[in-house]
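**Student:** Pasting a structure below so you can have a look.
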Amino acid sequence: MKYLRHRRPNATLILAIGAFTLLLFSLLVSPPTCKVQEQPPAIPEALAWPTPPTRPAPAPCHANTSMVTHPDFATQPQHVQNFLLYRHCRHFPLLQDVPPSKCAQPVFLLLVIKSSPSNYVRRELLRRTWGRERKVRGLQLRLLFLVGTASNPHEARKVNRLLELEAQTHGDILQWDFHDSFFNLTLKQVLFLQWQETRCANASFVLNGDDDVFAHTDNMVFYLQDHDPGRHLFVGQLIQNVGPIRAFWSKYYVPEVVTQNERYPPYCGGGGFLLSRFTAAALRRAAHVLDIFPIDDVFLGMCLELEGLKPASHSGIRTSGVRAPSQRLSSFDPCFYRDLLLVHRFLPYEMLLMWDALNQPNLTCGNQTQIY
């Protein structure tokens, strides 16, 4: 009896182990009746874009306090004072960069768009319309947005996160750690030229423009195919025989403490212009030598002048908009834009409507209509 009592618990244990083994085997062989997620879903590839190698942060740039002693400094508006104090600063940390694949293959036309940090809607519309990265006539288009930071620290935290998400999703954001303002647009141009030298110097041509322009990129490619990227090209809406605006209230106010010259060199309106690889290199050389000037399109004209180059006019680039020949006609008629290269300015919804209209296969315009 003792022997039987001693074996009975072991037999029970063996039966229990056998039953558990059969149950486990059936679970492994038979598929589960519902999908069990054993681990979190993988991050989409666009969001898992690898972080670029860290670079040493530039040394902080300190204010040039000697400007405070200038007799006209105290009478200037705050944005002019800020410009004078930090005019010499040219190196800022790059907060968001683009993937190496952006310029890994030959780029025919690089779309370089100056954008304010909070202008998400404009950036998204450009990505969906004329700024979409694609091939036109077999030639590659690439898109970049140049962005700074918001001056308000609370707003900056929000938009910096927004730009981080955009960069991870689209890989088209270049953001530097400086306050994004009208007087800092030249700084954007200088920083981009520095970046391009090492990251995208192979781009044949560049469209440099604002995020509220409408660009007919198909027409641009057709036009640029007749030009050599190794020769000078800088075309837009030509502005000449003008000088600094001394009116205190003007957005373009430039006091004598900034420049005493009364004449600007010829330049193209900053809303949008086209340039070649050759000219981009020339601008880079000149920008390294010249003092930063607060009006970015004028500054680029100064760079061209220093290099012995001239900007040229192109009738298809309208940075001051389009006027219909008659008040009975709408200046928004897509037939006015069919043969143009670029028009400034467009509201976001207008950009989408114009892109849609120009891509309608049944668009009929008849004879060319003159515009102003």
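Note: Cβ is positioned from N, Cα and C throughout, glycine not excepted.
Copying in the features that Swiss-Prot gives for the protein in this structure:
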type	residues	note
CARBOHYD	Asn64	N-linked glycosylation site
CARBOHYD	Asn184	N-linked glycosylation site
CARBOHYD	Asn202	N-linked glycosylation site
CARBOHYD	Asn362	N-linked glycosylation site
CARBOHYD	Asn367	N-linked glycosylation site
TOPO_DOM	1-10	topological domain 'Cytoplasmic'
TOPO_DOM	32-372	topological domain 'Lumenal'
TRANSMEM	11-31	transmembrane segment
**Student:** List the Cα distance (Å, whole number) between Asn64 (N-linked glycosylation site) and Asn202 (N-linked glycosylation site).
**Tutor:** 37
**Student:** Please report the Cα separation of Asn202 (N-linked glycosylation site) and Asn362 (N-linked glycosylation site) in Å, rounded to an integer.
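**Tutor:** One finds 38 Å between the Cα atoms of these residues.
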**Student:** What average pLDDT does the predicted model assign to the topological domain 'Cytoplasmic' (1-10)?
**Tutor:** 43
**Student:** Let me know the most crowded of the glycosylation sites, choosing from Asn64, Asn362 and counting other Cβ atoms within 10 Å.
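**Tutor:** The largest 10 Å Cβ neighbour count belongs to Asn64.
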**Student:** If you measure Asn184 (N-linked glycosylation site) to Asn362 (N-linked glycosylation site) at Cα, how many Å is it?
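**Tutor:** Cα-Cα, rounded: 44 Å.
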**Student:** Where does Asn64 (N-linked glycosylation site) sit in the DSSP three-state scheme?
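**Tutor:** In the DSSP reduction, Asn64 (N-linked glycosylation site) maps to coil.
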**Student:** Looking only at Asn184, Asn202, the glycosylation sites on record, which one has the least crowded Cβ, with the fewest other Cβ atoms within 10 Å?
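**Tutor:** Asn202, out of the glycosylation sites Asn184, Asn202, has the fewest neighbouring Cβ atoms within 10 Å.
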